[in-house]
Every structure is written in structure tokens, then in C-alpha cells.
């Protein structure tokens, strides 16, 4: 729980209510009607999404602080800037953001997170990794002396650092990295080198132009022996001139699909020397004479950190990204009128078309499912982290596997879902004014970073195979895999009630059956002569599906538990509908998985399809309120189509008029290229 | 068949063989090995894809002409340009392209198409609609006198025009358009007006800054009566100054996800007058006194044109877009080595991972399926068009429905597929250097333009419902829906042979069953009190799935017929594998559809899953050759990852070094923003 400054919060509530009244006066009538017709109180659902009322208030207060900083919000339109301008503007904001952090002196990291999110809506800060990765790595991997030396420099921004791991030829697979750090006992230095082209460090954020320091991961050689990856503190640029230091080649890796605001960079070492003490020595040391000493303490904290980052990705990247896209597409679908449902009647809101509902509402349900799952994993992290502090690491493998799999399926779902939302907005979705392209290119890389999604699924699957073997050997499993040691129902309990328990049960059955089959298939592949690695590879497509099924089950399970925990009847009812839709859409999309062994009968299948469609009508009534409840400000959305007030067309037109291509009206290119073309045959006119 | 200048073709072959030798000398060894290990002759497959050897030769000749035009190929790197620079550069190329058309004096439109494609790789020309829509509409909708007056002006480029239909508030649904053209008999003029904000013309390509004329679609009013949409020739800009004429507001609609090279525009009319004879009067006339006369001839040619455009979209946009993405991802996957299959062995090519094969090979198979389908629809168009000329329009509704549905599913498949290819390239796929973002944003709008994809599916479904009713009433159907009046097998004939006929049969069964069920559901919905429009809407999700099933069946059918027609054994074998994979992947993805009524037995289902995976290994061997066969030049691909020579890393590095953000090394932004930050606490250092 963040500490709450009550006076300020009530002030923020006051401003919020004024703002709300002002906005409502000018609201698009279609949206106004939608907001009057709901069956539940939006604010109560917002509180559920935030955790509780106090978090909602605090979030709004912190967001309002950021929104009041003109340096952060007033700049030129992102869409009208060149790539370089986007980087420079972002750097400008990043520096101001640090000033704000000093000014407001936030105690709670959640406040900093929310403030930064508002300062960089669907963008990345070029110095974001300084506090997200550089300082934590110093703290986590450094000795006490190293922490005392480096962390204050970093916290005072006398040095700005990043975290440098991936290489041109090497990504998720860390053991493949090639950069070397060879110890030279004569000078007591490490010599960093990039022995091959593919060993060029590639992708680290902020590396290209911004940072002057980095933690660099490199293969440690001492006494002629390779000791594997270790972290080193490396100065990259002169603190006076910001020029790259001799022996280093540094630069930006060039334009990307998105991430324009950040200078992902490359770095090559040409026998570059750093002092011995620049190796971060918490878990291993190299002595003056080159002796290598590994710490005896088995440090699991980096696993915990990974779990935490992934929970933030599920919640802060995947769920919020899709929630934003749904907000835009659903509000716009309530405003947009098109075509005809009935002859000689006015064009209906496109939200009234069943096909539009079918595009958007399952995505809305997914956004809720991911949101709750992200929060749940975050809470689980705190629990397990507490256990780790107490020396109990038993649940860590399970949590690691689960968070890997969930990171994968939620970022994939969100990524595809955002594009579906964009396409559901028709032509205008393709305009930068929709805000959707920016959201998409910001979320989509999450499918790759922090572990490529297929690799993540296979990590999850490896854990499931082990757990299944353990269960088969009579071990009683707990946590998210408990069902593998339970007796699983062979026939679905789904009735026309569609109780959430019956839906959880269906997903449990599917995951259990698929795990069992995959394990048996793995056994058969080995039995017929494949060695374990080949068998694993020949089974890997099946295994990714198993991991997906497990994570899908977990999401339904979490969603159910949230619905059960909600006290307000109105909110409970709409969440129940969303949970049902999330589960039923998943069953329909993967129907074969549920009917192939007769688990779901023909009659139940028919019921599922019917209920899926009837839920669309149920949710239709509350659709706009269900996205309002995400409480994402217009500034964060960055979308004309998704404006809270629904005044889409006038703002699209005003925005277009300010487009740089419209100044001047007659362009130089006309004189240079068109005029000669138009006049070459003028005599014939 | 294009007329072939044999001498030039053999010259182009000569150059091609030299080029090939030079390139092969420098080829990445992994790619070289892939190319030596194939089981078929690439050139023969290329001929199948082109149609025959003569088309391949001619295409290469025309492409080489374009590649030799330095004005078209030498410009700055697209990825390093601002939006405005992209537009200007494209305009420059467009003007040079017209000069080339004069110089080479192509007789065959296919030559112009291929030349233009090479000049604008994955881009749109800002004056492309001049010849693609403006001139054809003048010809198609104008009287003899109008054609004689306007077409020469357009062909000599004394005027540059576009086609203006969609509005800010109105897209696919043409009857919703609001722009009015009111006839004033006093002055014998039409008064064009934009009565509402939503009637603002919006999106037409080239309208914003480039064109000085347009064909504008507007509601015709004369004698106080509304006669619906009609086309008008409208001068937009002064031929002297290029300024917008008084009474018009024109401009660019602002930046988009892609399509940077084209100025999609807006246009508002403020009681803007044009002469009566600027109405294109082929199918309707307004006389001097305002009398409206509709032509008695029922003109179906515009339907034919729509079918033609959609066949080009299937073939030229969807299939080629996905083929390009597969070329990039598969070549890169053969070059990229990552992670480990077996301990202490070198990192394998990522193409050896089953999961990577499962991502890419079904997409490769889809690209082939779409390619052949596009060619088939184009041929069908020529047949039906010939029939229309003879007064026989019987097959037009079927072809129209089929091309609508296929346009929808192929552009959707391609769109998602390209993104899957990008994600399969990991982090580097996100770099603009991969070329994949540019391909994606160029293909994705095809899901919306020329009829929004869901609307297209429902048009197809409407035809299927009618056809099914006719069949039920005993009518014998022909063409692509013949199966609706046939007796359908109730059990699949699939065996471990996986004959293509048995796969076609499976898709036929699925489409027939779903059509029948959807029709019955529609009946039930009406029987329980819904009026036909509401029943249609309540059934529309089901109906889109029916249309997809029909089109999916058709694609398998076409693919089968191509395989059967191929004579070369090696080519026939690999195409058969691709056809099987296309069909089996579709069955697995939609398993519920095939097993829910017992059509596919449990044993067959197991066989399907096994065969799907074993096909991955079969196709693995030829994967690189199968994308080489598309014969898409490096210039067209615009991808460092997908280079024919496979020299990925050195070129990524060289490219990054030239990125604008790397000049100068220390940026002004450092001095302005970073230096003050780094030095604020310097005294403490």
C-alpha cells in the first residue's frame, strides 16, 4: 500500500470532479447515452482494477502531478516528429522527469512508475534503463564497497548507465554470448574484447547516444580458463566531451518499427582495459593474481527479479496495452455510425453489429483476464520473495515457469489483440490519429525481450513435464500445477448456467490431458531411438501448446477468484460475464481440444456456442463503461478515436490541418517535379 | 501472354547468369549448403509461379529495366527519411517512372505493373491512382465525347487526377455518403457541397498535395430529387499555381501507420460550381433543364472491374506480401544460429527447431496457396469478362462473392502471417533493417480498402445462403458452389496417404455442413420472431465463419489442381507437400469444425497431427529453395535479414553506422539536456 497524502488526494478528487463536469457538458450524445445505460458503478470497478479505492486515488493524484508538468505534456505532437526529434524530445522529458522525482520525492516505487508512465505515454525513456537495470544490477551484483562507490554516482546522475548483454548474433540464449573479459594480472586489469562481428553488443537501450557507463556482460577468462558470463562496470564515454573512449565503437543501431524515442545501441571493444575492481564481485571474485573464487552462497535473487519484471510486463505492458486499444476501439465503435441494419433507418452505431462485438468483446475480456493475472503474479512474487528471504526457495521454480509462460501468452494475446482493435476501427485505425499504431509498436517487442516467447513457453513446458513425472511418481503437487496430481473429471460439468467453476474445470481438464499426452509422446519419441534432445525438439510444437493450455487455465482460474471476491453485485455481474466470455471464446477457438476426447458433449458444445453469442448482447450494454473503468486518460491514450468525450470527427479534421505536409499549401516538390510534368505537353492544351 | 522481345530477354538472362555467379562467390556458407541440398529445380518452380517460362523471362527483363534506372533505385535509404522526404522522393520517382513508360513504350499492362512494382518496392506512388482509377473511371463512366475530351489530357499528364469517394464518416457503405451535387438549371452547373463535417472527403490517395483533378462521387440532386451516387469530374487546383481553387479546402490527412509516400487527402466543398458536362454521363444524364435520364443498359462492367482489382489484391498484395516475408524469415532462419539442440555442439541454424518450422512453413504454404488462388481468380475474371462481353452475366454473382471472400481471407492471412514472420526473426525483425515493418504496413491496409474484410465475408455469405436455398429447392449448382447441391460424404476418406482429393473432400464437407447449419440457424432466428435484418445480424458471426470455410475450401481446391497440373516430378512433389501442409494446418487450427460431427475419426485426427509435424521435416530440406523460387530481388525485399547472399551481420552493422542518429557522434541534445544533468552534482564527484 502506498502511503497516502489525504489532503492532496481529496484535492485531486476535487479537480477530477470539476474536469468531469466540464467534459460531460461537451460529450458526444452517443457516448453520453452509453454511459447512462450501464448496470454498474464504474468507479467501483476501477477500484477493483487498481486493487482498492486508496490506490485509485493515489494513482489519480500522481497522474495529475505529471499531467500538470507542462514540460512533460505540452511538447510537439509525437506523430509529426522525425525519429531524431522523437529521441531528443524524449531525452528532454527524461531530464525533466528526474527533476520532478526530486521535487516530489516519491517514497513508493509505484508512484515513480505511474508518474513515468504518464510522462512517457506508450514510449520508452532513453534513460529508463538507468534506474530499471543499471542501478539494480550494481546493487544486486556489487560488493558492499562497489555499491558504496558506484550507486551514489548513479543516483546523483553523475554517470548514466545501461545494461549491456545481447549481441548481434545472440539474444535469449545467454550461453552463446561471445564478448570476452580477459584478466591481465600484470596490470590488474580486464581486457574487454569483441572477437567476432557477431559478438558486437547490440540492442541495449540508451547505449547508442545517451549513456556514458554500462554494466557489460562478458565471458570471464583468467589463467587461460573460461568461467562464463560475469558483469563488468564499463565507462563508455568521456565525462567531459561525451565522446566514445578510445578502444570502443559505439552508436545507434538505426530506426526500428517503433521505439523511436530510445537509442538502442551497438558497442564493440578493441582490447579495452578496465580496472580489476570494475568486475561486479558479489557472487564471484578475481583476485589480484588472477585466482577465481566463486561465492558459496547460491543466489536466487536474480530469478526473483526476473519474475517481478515479467509480472510487470503482464500487467503494465500486455494488459494495459490491450486495455488501451479496447478503450479506443469500443468508444469509437459507439460513436461511429455506418451502413444499415434495417432499411430506411439511420445508420447504427457499429457497436451494434454482432461481428463488431465479436471482434472487440473477447479482447476486452482478455484485457481484464490479463490485468487480474498480472496483479496476481505480482502478489505471488511478493509472497515467494518473502519466502526466499527466509531461505525457502521451494515455490520459485513453479513461479518462474508460470511467469515465463504467462509473459509469453499475454504479450502475444495483447499484440494480436491491439492489431485486431486497430482493424476494427476501419480506415481511421490506420491513421496515426487513432493512437493504435503507436500502442502496437510499443507492446509488440514484449514478445521478444525478456525472453523470446516460444523459448518462454518451452521453459514453462519443461517444468510441466517434470511436475507431471513427479505426480506420476505419487508426489502431491501444490500451487498452480496441483491439478496434475488430482483426479481429473472426464466429462464436463458445464450446464446452461455456465458456472465459473465448470469453466475452470474445463480448462483444467484440457491442460491435464495435454500435459499427459505430451509426456507420453516424449517417452515414445525416446523409446523409438531419439536421444532426449532430439525427442524434445520433435515434441516442441506439442509442448508449446501444453504450456499455453496451462497458462490459459491459470488465467481463467485467477479471473474466477477475482469474480468470487468482488462484493458489489453490479460489478460482480459484469465481471462474471467477462469471465464467461473469456473462457467460452477460448473454448470455441480451441474447440478440438475440448471435444476430441468426449469431454464436452455435442449438446454442451451447442450450448457453448449459443452462450458465447448471447454474452455479446449482455456485454454490449456496458461496453463503454467497461473500458471507462480502466480509467486511462486521454493523454495516455494519445488517440483521437478514443477520446473520452467522443468528439472524433472535428478533432480528426483539426489534427489533419496541422499536419506538416500541409505547410506550405503548395510544396517545393510541386515546382521541382510536378510542374515540369504538367507542362511538358502544355502547347497541346 | 506478353509479347516477348527475344533478343532482349536472352540479354537479360545473360546478365542474370553473370550476376548469379558473382553473388554465389560471396554467399553465406549456410545458405549455399541449403541451395545445394534441394530435391527440385528452382527455376522450374519459378516458371510455375509465373505461369510459364516466357512470363518469367519477360518479368526479369522488365524488372532489370527498372533496376537499371538509377533515378528509381539509387535514392536515399527509405528508413532514414522523414515522412515528408518519403513523399517527395516518391513523387520524384513517380515522375521519372512516367518518363520510363514513355521511353520503353510497354504495350502490355502487365509490363507496366511489374515495372512500377520494382520502382516502388512495398510503397505506393502518389500518382498511382491517376492511371489505376482516374483514367479508368473516365473511360468507364464517360460518354464518347467526354472520353475524347478528358482522357488525352490525363494521358499526357496535363492534368493529374485521383478518385474521390470515401468520406470522414463513411467508408465501405456507399449509400451513406453525404456529399451533394445539386443541379442549377439557371447556370447549367452542378453545385458541389459538403453539408456536414462527416461528409468531408477523406483518404483518397494523391488528393492531399499532388492531384489537380479528381473524379468525385456525390449524391445527385436535380428538380429537388435525390438520384443517388454519381461521378463528377472536378478541377481541384489551379493549373498555374497549384493552389486549391476558391470554394475548396484540400489537404493531407496526416501521418499514418505506413503509406508515407502517398498524400492521402481531405476535400471539402463550399457550394463549388462545375459545368453540367462534368458529370460523367455514360450511365445517366442530366439534361440542360435538369431532367434526369437513366441509361437503359444495365452496366455490369464495374462489377467486373471490382473482381479484377480483388484478384490483383490476392495475388499482388496478399500473396506477394507474405511471400516476401517468408523469403526474409526463412533465409534468415538458415543463417541465424542460436541456442543449443545438443549440449557441446555448435549452435544450430534456427530453422532446425521444430517450433521455428511450425511458425514459418504453414505460412510458406499459405503464400503458395494464395499465389495460385490469385492467379486462378484472375483467369476466371478473364473468362467471365469474356462472357459478359457476350451478354452472359450468369457467373458474375458467384465470382463476385468468391472474390470478395477470398480478398478478405487472403489479406487477413497475409497480414497476420507477415507479423508472424517478423516475430520469428526475434529482435532483429523489429529493426527497420529487416524490411518486415515496411512490408507489413503496406499490406495491412488491404484488410480495409476495396471493401472492409468483415463486410466482404458477409457479402460472400449472403451469396452462399442464396445458393444453398436454390440447391435445397433442387437447383443444380455449378462453379465454386457446386458442392452445395452434391451429396456430401459423411466420413472423411483421409488415410495415411493424405491424398489431396481426401483433403479437398474434408474442406468441402466442412463448408457444406457449416453452410447448412447457418442457413437453418437463420431460419430458426426468424421463426422465433426476429425480422430478417435482425436475424441476419444475430447470425452474422456464424456467417463470417461460413464464408471463411467456403474460401478455405476453394484455396485447397485450387492448390490441388495446380499440383495435378505440374509435370516436373521434383516440383510436383514439393508442391504436394506444401498443399498437404496448408490443408492439414488448417484442419488442426480448426479441429473442432472437422471432428464435431464425427467426420474425422479419432484415428484420423491422430494421423493428421502426426503428418503435419512430419511434413515440417520434409519441407525443411527445401525451405530456402522454396522461397528462392518466388524470385523476389533484394531490391524488392528491402531487407538485410533476407538478402539473397545471406551476409546479414556485416550488412546490419554497416547499415547501422550510416543511421542519421550517428551523425555527429556527440549530439546537440547532449549539450542541451545531458550535460546539465551530469554536471549538476559535479562538485560532489
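Cβ coordinates are placed from backbone N, Cα and C, and glycine is handled just like the others.
Remember, it's a predicted structure, so these values are computed and weren't measured experimentally.
As annotated by TrEMBL, domain 'Acyl-coenzyme A oxidase N-terminal' applies to B:42-160.
Around the Cβ of residue B:205 (FAD binding site), the same chain contributes B:124, B:126, B:128, B:129, B:162, B:259, B:262, B:263, B:264, B:265, each under 8 angstroms and 6 or more positions distant in sequence. The FAD binding site annotation in TrEMBL covers B:166, B:205.
The domain 'Acyl-CoA oxidase C-alpha1' annotation in TrEMBL covers B:303-465.
Summarising the annotation, TrEMBL assigns active site, proton acceptor to B:450. Residue density at residue B:450 (active site, proton acceptor): 19 other Cβ atoms are found within 10 A of its Cβ, drawing on all protein chains shown.
Positions annotated as domain 'Acyl-CoA oxidase C-terminal' by TrEMBL: B:500-679.
In sequence order, B:201, B:202, B:203, B:204 constitute the residues six or more apart from residue B:166 (FAD binding site) in its chain with CB-CB distances below 8 Å. Each residue in the domain 'Acyl-coenzyme A oxidase N-terminal' (B:42-160) gets a DSSP state, and the totals come to 90 helix, 0 strand, 29 coil. Secondary structure at residue B:450 (active site, proton acceptor), as computed by DSSP, is coil. Chain A comes close to B:166, taken from the recorded positions B:166, B:205, B:450 by a C-beta to C-beta distance under 8 angstroms. Model confidence over the domain 'Acyl-CoA oxidase C-terminal' (B:500-679) is summarised by a mean pLDDT of 97.
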